[in-house]
């Protein structure tokens, strides 16, 4: 284990030339440098955030949903049937005509009755609009709070106004309490998302999002350990700037205020394009690739860090294209397909609506028609895959 630890924490990988871990181990009194051990404090904080989310959804978000006539409502459940349940869980959730005919003969049911059972069984696993509203309201609240905190903190720092300060004196840069709280809170939030994945309704992209959360945790931890926290704080703030707008648009969508949803989605799209395609490459990548080269010089972890940030920029371009395509479809067709991630059950098929959320959820009011209903949620499927980094 000692040999493995020495290999992993190799100074020639993590630190610039002529700098050792010993140089950072004993700073002057009152001075603190980032240490890997600091990151363990994010784990109990993540449990606290997870508990806070449960309380928030029950005591704040749920009453807000009810006030908007979004009721939890129990939908139509499939009658217990051992034969059909076995087919559903182990063979297929959407049987073809051959399976339907066989099951119809085996159970002495009409084919339509078998179809109805499978439809009800699939809908049974769908999260209700009430559940999705509460989840989005929690995310909106957290993203707004963390962005507000991060922006106010960065406003007072010299590296927000001159990114070369991210590298002056590197790696001997003091870890201030404000920067530490910003980093640990972001890290704890993504740990809490890891926990909540196992208690939330399981969706079809469970493994993809699980890997995404791990990658985000890894990137935040990586930048903390080698004290790239100043530029890391800029990256987090840039990404947080548009996330809360998407969640707000989703809330309007669930409440069936379609015009408001359309407006918020446009605002989100503009903010996303500006932050990810303009500010991020010009402000962040220019600093990490060119300013740091001139001031500090390259070393192994520097190459890896910049490679990961460039991969992130490629993802920004891809998701920006997808969001733009959704927006164009919304304008041309007036309505876009349902969410491919958060608003669909773990199976991949689209189902006819069934009464699962009370009167408001399935009533076809004018607010929910001829708009871009669903595009806010559809964009979330693409954007969430890099919501923080």
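Placed from the backbone N, Cα and C atoms, the Cβ positions cover glycine too.
Taken from TrEMBL, the feature transmembrane segment applies to 36-56, 180-199, 206-225, 263-283, 303-324. Residues annotated as domain 'Homeobox' in TrEMBL: 84-128. Positions annotated as DNA-binding region by TrEMBL: 86-129. The domain 'TLC' annotation in TrEMBL covers 131-332. Annotation source TrEMBL lists region 'Disordered' at 343-389.
When the domain 'Homeobox' (84-128) is classified with DSSP, helix, strand and coil residues number 32 helix, 0 strand, 13 coil. Long-range contacts of the transmembrane segment (180-199) within the same chain, counting only residues at least 6 positions beyond its ends with a Cβ under 8 Å from a Cβ of the stretch, are 38-39, 41-43, 45-50, 53, 142, 146, 149-150, 153, 206, 209-210, 213-214, 216-217, 220-221, 224, 229, 232-233, 236, 388.
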